[in-house]
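For reference, TrEMBL has these:
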type	residues	note
DOMAIN	51-85	domain 'F-box'
REPEAT	137-167	repeat 'WD'
REPEAT	179-218	repeat 'WD'
REPEAT	225-264	repeat 'WD'
REPEAT	265-307	repeat 'WD'
REPEAT	309-348	repeat 'WD'
REPEAT	354-393	repeat 'WD'
REPEAT	394-424	repeat 'WD'
Amino acid sequence: MLCALCPEKRRELLQQLLILSDDKALDEVSNWITELKTHRLRQAESRDDPFSLLPYPASLYKCLRVSRTWNGMASNTSLWKALCTHPKLYRLTNQEAEEKQLERHTIGEGVCWKDAFSERFKLWRNWNAGRCVVRTFSGHSQMISCVQFDDQRIVSGSSDSTIRVWDHNDSHPLGQMTFTGHSATVRCLHLQGNRLASGSNDFSIKIWNLDKNPQWSSIACRRTMLGHTNYVRCLQMCSDSLVSGSYDCTLRLWSLETGDTIRSFNGHSDSVLCLQYDPLNSFRAVSGSADNSIKVWDARTAQCAMTILNSHEDAVTCVRFDAHRIISGSVDRMIKMWDIRTGRCSNTIDWRFHEGHTGVVRCLQVDAWRIVSASDDRTVKVWNLETSERMCTLQSHTDGVTCVDFDDKRIVSGSYDKQVKLWDFYLC
């Protein structure tokens, strides 16, 4: 009956009905109108793109199996490209990693976006579920103090004074190569291409060439740098220079070409336990100390640009830069985030409210969206950088985890249990 009326008559009838309605009825009508408008908007959107309303990529994969017609529509390149280029979801470690991945999925005329996203979604799902294949590398006779890895190799340093190199694509669990140049615990490593830097409790820093396969490790040692008067606890190479931190309370900037100290950084009142160059500004470095403070330095002048006093309740064991934050871990079992402009704490991850670590936080690493941390509580934990939510907890070591490194596919960890473990999220 209403359908037979012209639009003008319908409006008149609707107006009369509204005038005769009480307040409760008017509220109900208002809600119905809102719902109707939303429904019609969604209908319009779905006509243009029937998959735009899908809440989850898994639904898109199901569409591929409905019929040939649905498969053709769900295979639309623009859908998969949009998922791959979403500014916040399913991202890789950094832009360089994403470019390399897209190169691997480029065939003929362009990128196979569906395959590229399928790989990313698989990794994202496995990281969030803690689903991975674990391999163990044994060979060191004492605790593992530091690890680094690249696409072919894992490098580890130990209290047994040796450095071991493994091929992580090889099923053999023993090290390919053993370097025996240090006379005390190897405390820190940095792998940069075929160049490896190591720092030790023997107060020295050594530069190794991994491009060789020598019978004696001394052949691979290219330089020994002396200057610190106590244990070398942390270091990082950047281009042709290296910055190191020591139990002698100082940082030093070195020339890799000459092995000489360029300048010293003074300001901490206790051992320097951790440091990092700012990946976005190579003239800026951050350090953490047993004096409970975090300092930001101008590497050009060795001047302290900012100090965060009493940043933790105990020694600061690890620090990392983010684009606009400093992330730190401590003996106090907490992970904290700091605004690099103001030095104020913006977030805290602890065991009380965030399912955090129940032991000393020994190490943490950060990428564009994750934090991976290692602790004396024998676990490795993965966190969402933006929300601070715990994504997963990994357990396999039989003693405290001392060090960790990761990329989009793997985590490598070392422990007091003398073992190196590779956690592979790609093979699942």
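Using the three backbone atoms N, Cα and C, a Cβ is placed for every residue, glycine included.
Unlike curated entries, TrEMBL annotations are predicted automatically.
For the repeat 'WD' (309-348), the model's pLDDT averages out at 95. Contact between the repeat 'WD' (225-264) and the repeat 'WD' (179-218) is present: at least three CB pairs lie under 8 Å, with pairs separated by 6 or more positions in sequence. Of the candidate ranges 137-167, 354-393, 394-424, 354-393 has the most C-beta pairs within less than 8 angstroms of the repeat 'WD' (309-348). Listed by sequence, the residues of this chain that lie at least six past the ends of the repeat 'WD' (394-424) yet keep a Cβ under 8 A from its Cβ atoms are 92-93, 97, 123, 130, 132-138, 140-149, 154, 156, 158, 166, 168, 359-360, 362-365, 367, 370, 372-382. With DSSP states grouped into helix (H, G, I), strand (E, B) and coil, the repeat 'WD' (265-307) comes out at 0 helix, 27 strand, 16 coil. Nonlocal intrachain contacts for the repeat 'WD' (265-307), taken as residues 6+ away from its ends with a CB within less than 8 angstroms of a stretch CB, comprise 230-231, 233-236, 238-239, 243-253, 313-321, 323, 326, 328, 338, 340, 343.
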